[in-house]
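According to TrEMBL, the domain 'AAA' annotation covers 22-176. Marked as ATP binding site by TrEMBL: K30, G31, G32, V33, G34, K35, T36, S37.
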Amino acid sequence: MGKKDQAYQLRSLKKRIAGGIKTYTIASGKGGVGKTSLSVNLALTLGKMGIRTIILDGDLGLANVDVMFGLYPKYHLGYVIKGDKKLSDILVSVQENVYMLPGGTGLQEMADLDAKRQLKLIEELASLEEYCDVLLIDTGAGVHRSVVVFAIASDSLLLVTSPDPTAIRDCYGLLKAVLGKSSTPSELHLVINMVKSDKEAKEVASRLQLTAKDFLGIDINMAGYILKDFHVEEAIKMGMPFVISHPDCEASKCVAWIAKNIFNPEGVDSVLNAPSGRGIKAFCMRLLKQFQLR
């Protein structure tokens, strides 16, 4: 038996035991804090770690994930819902272990399907677990209903903010909105982007953590931070994710640390170490339920 066959069997065994892959919603209280940049660079970093990752563009207004990858897919999930395309037709291979699923307005359109078609689509989406160990959902920015819905449906919520006071306030506002609609997600992570130093990152994180604890009664894990790095702007001008264009820059090192902190905290080098969650099917069912609550 080859190494790939062994790895496949181990992944399958793990999923049967654990119940499914883990879903992560990546969200921010306002635009301009680098949320999508983190989503894209995190997905690529996870792929390099051997964790098979699908990134779903869940921005129902302005999709940006494809642009940051330098890709321009012709189709999105809406075509699958209409029956024009199969799911395999729209899934885009970005690099080894990394796929992109263009969402468009497709996920929201699920709510308008009859029960039979909904179930068929959910089963098809659940088949994506054969391709991945982790599903990342990059949402739109701001405290919008669609963002809250994705946050509630996923296993884990990764909040992104910058040190800007407005961004911090809006980040807390988003968290409050999510908790107002549902119980706390199984995990809450925080990433501070564009910080000048480790000290600044810890100060911002501490402020948010204390406020959340005092007023909402919840704990937030400080997943890490990303230092201000001119290589990030260079990468944007080049039309490439910075972990590809500048793999050794400070920002790339920060993303690698975040990836290990969230997805591989024990440092175990094994396909069995990919995080376990409730699976894509359960995610879709929860998502559908939330979209139907109009």
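Cβ coordinates come from backbone N, Cα and C, glycine included.
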| What other residues of the same chain, not counting K30, G31, G32, V33, G34, K35, T36, S37, have a CB atom within 8 A of the CB centroid of the ATP site? | S28, A141, V160, S162, N193
| task | Look at the binding-site residues K30, K35 and tell me which residue has the greatest number of other C-beta atoms within 10 angstroms of its C-beta. | result | K35
| Overall pLDDT of the domain 'AAA' (22-176), taken as the mean | 88
